[in-house]
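Since the structure comes first, as structure tokens, the remarks are kept for the end.
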């Protein structure tokens with residue numbers, strides 16, 4: 001295994017402040033160099049973090065698109081410029097190349113501690129399997145959504161998102177901070193074990209594969225005209241079947257799920273997703289058998 005440097009990003013969204021605190025605290029207590037691997041810690045969007053807002057011009061976590069990161073676009077938006085800086089500094093061809101990136105986020109939804117993967121890269125599966133095997137964390141596999149692209153971790157050869165909630169934006173929660181510290185510490189230990197052939201991957205990986213997103217009920221003017229149904233609030237990862245309630249509109253009408261397939265909702269009522277016209281996303285459950293190729297690809301980094 002030739003991994004030499006791993007990038008830990010917090011504050012990709014400026015109002016998600018708990019991982020920033022956790023990283024600062026962790027970095028004071030732990031050596032950035034561990035078992036031959038150097039760990040780089042950086043605030044993804046420092047200007048937004050100082051202002052306490054999600055972003056300045058556009059979502060940084062949708063700004064890692066090749067077509068938008070070309071030279072003529074560098075000065076268009078702050079986040080586009082910032083994405084280019086991060087790639088120039090820490091990208092695989094950057095001045096301090098990192099082979100792996102871990103992006104730390106919080107959510108206002110009741111997601112607990114979870115992993116988010118983008119696509120089916122074997123290296124990512126290997127990394128996620130280490131954490132799911134240790135903590136039993138649910139994995140949200142986001143793929144094939146043309147409306148949502150340009151995620152930070154996709155710009156590196158290997159990476160994943162750690163998502164923890166529920167917690168309000170710009171609110172420090174010691175329990176959330178402790179969870180981040182535990183995950184960062186454990187991930188470092190698990191990578192070291194894998195590097196020294198001291199750990200085996202689980203036989204299978206359970207993932208929740210993104211299928212789409214559902215908007216709030218809206219009136220003829222496009223204004224939100226319904227709330228998430230009381231039975232659905234805080235029920236992330238809980239199965240939904242045909243006929244189960246999703247929303248309660250202003251007329252008292254219950255909007256029910258009318259699909260034939262079982263689904264599992266995620267990011268229910270996430271505040272930041274209102275602007276994206278998303279009340280919740282939904283997934284299907286899939287079990288993926290582990291492959292030796294996962295470790296081989298990871299070791300090739």
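Using the three backbone atoms N, Cα and C, a Cβ is placed for every residue, glycine included.
Taken from Swiss-Prot, the feature Zn(2+) binding site covers 13, 16, 105. The substrate binding site annotation in Swiss-Prot covers 54, 61, 62, 163, 273 and rests on sequence analysis.
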Study note, to complete from the structure: residue 273 (substrate binding site) falls, by DSSP collapsed to helix, strand or coil, into helix
Practice item. Can you check which residues sit near residue 273 (substrate binding site), meaning Cβ under 8 Å from its Cβ, same chain, 6 or more apart in sequence, and list them in order? Key: 213, 267, 279
**Study point:** The one of 13, 54, 62, 105 whose CB sees the fewest other CB atoms within 10 Å, among these binding-site residues
**Key:** 62
**Study point:** Three-state secondary structure, which DSSP defines for residue 62 (substrate binding site)
**Key:** helix
Exercise for review: With substrate as the bound species and 54, 61, 62, 163, 273 as its recorded binding residues, calculate the greatest Cα-Cα distance and give it in Å as a whole number.
Suggested key: 16
Study note, to complete from the structure: Excluding 13, 16, 105 themselves, the Zn(2+) site's Cβ centre has within 8 Å the residues 11, 12, 15, 19, 54, 61, 104, 106, 107
Exercise for review: Just jot down the residues in the same chain as residue 16 (Zn(2+) binding site), at least 6 apart in sequence, with C-beta under 8 A of its C-beta; none if empty.
Suggested key: 10, 54, 104, 105, 106, 169
Revision key, fill the gap. Spacing of the two Cα atoms, residue 163 (substrate binding site) and residue 13 (Zn(2+) binding site), in whole angstrom, works out to 12
